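Colleague: Right, I'll just put the structure down here and ask away after.
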Amino acid sequence: MTTPALLPLSGRRIPALSPGASSFPHHRATLRLSEKFILLLILSAFITLCFGAFFFLPDNSKHKRFDLGLEDVLIPHIDAPKMGKHAAGQTPPPPPPAGPFYLPIVLVAFQVLCVIVLQMMKHAWDSYRQYGWGHNELKPLAKKGHTTNIFGNSQMGATIVDALDSLYIMGLHEEFKDGQEWIEQNLDFTGVVSRNAEVSVFEVNIRFIGGLLAAYYLSGQEVFKLKAVQLAEKLLPAFNTPTGIPWAMVNLKSGVGRNWGWASAGSSILAEFGTLHMEFVHLTYLTGNPVYYQKVMHIRKLLAKMDRPNGLYPNYLNPRTGRWGQHHTSVGGLGDSFYEYLLKAWLMSDKTDTEARKTYDDAIEAIERHLIRKSNGGLTFIGEWKNGHLERKMGHLTCFAGGMFALGADGSPDDKAGHYLQLGAEIAHTCHESYDRTVLKLGPEAFKFDSGLEAVAVRQNEKYYILRPEVIETYWYMWRFTHDPKYRQWGWEAAQAIDKYCRVSGGFSGVKDVYSSNPTYDDVQQSFFLAETLKYLYLLFSSDDLLPLDSWVFNTEAHPLPVLHLGNITLPGSQPAQR
């Protein structure tokens, strides 16, 4: 049985690149030009921009309505350029040119940029399809599959599941169907169980359950919902702890859980057990089984009863004793998506889960008071609180917060919407500076604000870039809420840098030193590169009516889930929306 999809299976129509677009040289030569010729170039650029804007503006008349029992959701009719067959008598559009691309953004219509991002997606996917199919990730230089212990060293096809909704949104439906066929035939959790796989509850939730649910909501294919529920059932034993706070890892065969050995005397991690709410609420909604909702609401209620030092949530909580571990608070790694999911629980409930909103507002108030500072050079940054002291360091992961502040601006207490939108803009600017102050124009894993250094990595082990999405994610949210063209400009700069320095013949690879003009590769094409980085770039250059934010909420792996309009059903901890 196939459920009506929230997006049609035809893809988004994007105009083909003009023949001249790919003829720009990679490095512009220095020429002696007369003043007349310079004026002619400027005039030509202006004409190109005008005609591009005229012909490439989205046709807002192409809308269809789809109903999945939530309510009618207005979604644009998506129809991407076909990469394969064309109707008889039709001339196929020219294929996107091979990268890298180095074009001034003023000369490029934004929907052409979508085609360029789509071409990057094709290169990443086709390389994985050829060299790593069925493996979790890809080693693009070695041209073979790759996995890590978060997936239990099993071939679970993480890249396939993670990339499905990106393929669908970009109109790559032949590739989407290839992925669906693999999932139908190979994503068998009885097979995984027989191999005694121990997986990360957090990573499997955000990548697999989130990816499968998004694919289901977009395409309506029942197989995705079925697989999501089967996998979720295998994660439930992780909650069998004295407190109900789940273990970080669970064995899919035995159900035995454990925590990372390095995590503060066997503690669970805030960003891991606090990043289950969106997916588990949707599982209860789709199945009618209350257990998923009950598990995540228990976590919320337990946290609400606990004392918080300075109003801050430490990153570690012992699931046996229910006590905080090391007093380390971060809006980056170990803490980040906990705060994100508080806000998004409220948004996903159609703004009826006021308990989640109040918890978010209180947490952000404490973060502003203790963690957010302005550097001597005027850059706003979010530090880390360690045992009563502020460490003036900000991670790439923390850069998502600019988008979070913008997303949460509407509904802020005390009429602070403008304040939080401005705070989001300041974080976006700081994170752009972390990119702009490197040789490769790609951001380091972490950067400091002390000893005269600002937005610059100091340690060698913090200078790498592993295709992370958080900065581009913030650009996209800031674009959606402000339409300031600088965010598209910054996103275009990042896209060009990724294509220039991370593209290899077998896909895309992270680099080990963004301050080196001749960097070495880490030889990993992360699954989140296809799930998040390329999706956010594509959406940044697309019309706002593609996945509108009043109808969709993105999980922390950029998988879109619809807002739940629950009508007369009142969930515990919720109140009627204040309109």
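Glycine is treated like the rest: Cβ placed from N, Cα and C.
According to TrEMBL, the transmembrane segment annotation covers 37-57, 101-121. Annotated active site, proton donor per TrEMBL: GLU203, GLU445, in sequence order. If you look up TrEMBL, you'll see ASP336, GLU470 marked as active site. Among the features that TrEMBL reports, disulfide bond is placed at CYS399-CYS431. The Ca(2+) binding site feature in TrEMBL is assigned to THR556.
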Colleague: Which ones are near GLU470 (active site): of the recorded positions GLU203, ASP336, CYS399, GLU445, which have a Cα within 10 Å?
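Modeller: Final answer, ordered: CYS399.
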Colleague: Mind checking which of GLU445, GLU470 has the fewest other CB atoms within 10 A of its CB? They're the active-site residues.
Modeller: GLU445
Colleague: By a simple count, how many Cβ atoms lie within 10 Å of the Cβ of CYS431 (disulfide bond), its own Cβ left out?
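Modeller: For CYS431 (disulfide bond), the count of other Cβ atoms within 10 Å is 28.
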Colleague: Do me a favour and check the Cα-Cα span between CYS399 (disulfide bond) and THR556 (Ca(2+) binding site); whole Å is fine.
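Modeller: About 13 Å separates the two Cα atoms.
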Colleague: Cβ distance under 8 Å to the residue listed as 'Ca(2+) binding site', same chain, sequence separation 6 or more: which residues?
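Modeller: Correct list: ILE206, GLY210, THR275, ASP336, SER337, GLU340, TYR341.
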Colleague: List the same-chain residues at least 6 positions away in sequence whose Cβ sits under 8 Å from the Cβ of GLU203 (active site, proton donor), in sequence order, or say none.
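Modeller: The list for GLU203 (active site, proton donor) reads ILE150, PHE151, given in order along the sequence.
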Colleague: What's the CA to CA span in angstrom from GLU445 (active site, proton donor) over to CYS431 (disulfide bond)?
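Modeller: Per the Cα atoms, GLU445 (active site, proton donor) and CYS431 (disulfide bond) stand 11 Å apart.
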